[in-house]
C-alpha cells in the first residue's frame, strides 16, 4: 500500500505536487501559500503557524522518481531560500524520492528539514490524507507507468500512462492560469486603457504618427477586451478559495454600464473579504 501511494505521488504533475504538499500541511494545522510563479529553484510553499509559538517554514517540493535523488548541492541551494522570506525560521525539502548521504549532512549543517518519499507517505497515513492524493492524480495501476524519471518526464510503458501524465499537465496548466493575480492585471489593464485612450487622442492629429497610433489602437482594444475576461477569472478564483461568492454576471454588467462604480465596489468588497 505504501509503495502504491508513493508511485501515485511520483507520477503527479509537478505543479499539482506543490499544491498537494500545501494541502497536506494545511491538514497538519498550518496555513499555507503556494507561490504564484514557482520556478525550479524558487519558493514553492510558505507555511505558517501561530501555536504553540509563531513559526514560518519555506517548503521546496520536488516530485522525483525512484531513481533520482536529492543531493548535497541541492540542499545548499534550497537553504538560501530562507533569506528570501522575512521571518522564515527554516526550510523544508519534500520529495517523493530519497536524499543522498551528502544531502543529509548538508541539511544538518544548514538546519534544513528533510521529508523523503517514505516519510511523506507516513504523514499521509497519519493525517488521513489519501483523499488529497486522489484529488491530484488518478489511480496508478500496476504496470501502467515507470516513475523513474525526474522532474517532469517519465518513461512511458502504456498509452494509459501517457494519458494520465498528459491529463496532469493540463490540470496543472489550468491551475496555473487560475492562480495568477488577475485582480492586479485588471487594475493595470484599466490604467493602460485610460493612458492609451488619451495618448491616441493626442497623437491622432499627427499624420506621420499614424502607424504608431494604429498600433496603440490595437493594443488598447486588446486590453479592453481582456479586462472582463481577467475580472471573471479573478471572481472564479475568489469563489473557489473563500466563502465570498461575488455574482460574476452582475459585476460584469455593472462594469459595462457603470464602470466607475462597479470596479471600485468590487475591489472594496474583495479587500474586505479576502484581501488584495
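Glycine too: its Cβ is placed from the backbone N, Cα and C atoms.
Bear in mind that TrEMBL entries carry predicted annotations, made automatically and left uncurated.
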Annotated range (TrEMBL: transmembrane segment) out of 164-184, 248-268: 248-268
For the transmembrane segment (248-268), sequence-distant contacts whose Cβ falls under 8 Å of one of its Cβ atoms, 6 or more beyond its ends: 183, 186-187, 190, 227-228, 231-232, 235-236, 276
Within the domain 'Restriction endonuclease type IV Mrr' (10-124), residues counted as helix, strand or coil by DSSP: 46 helix, 31 strand, 38 coil
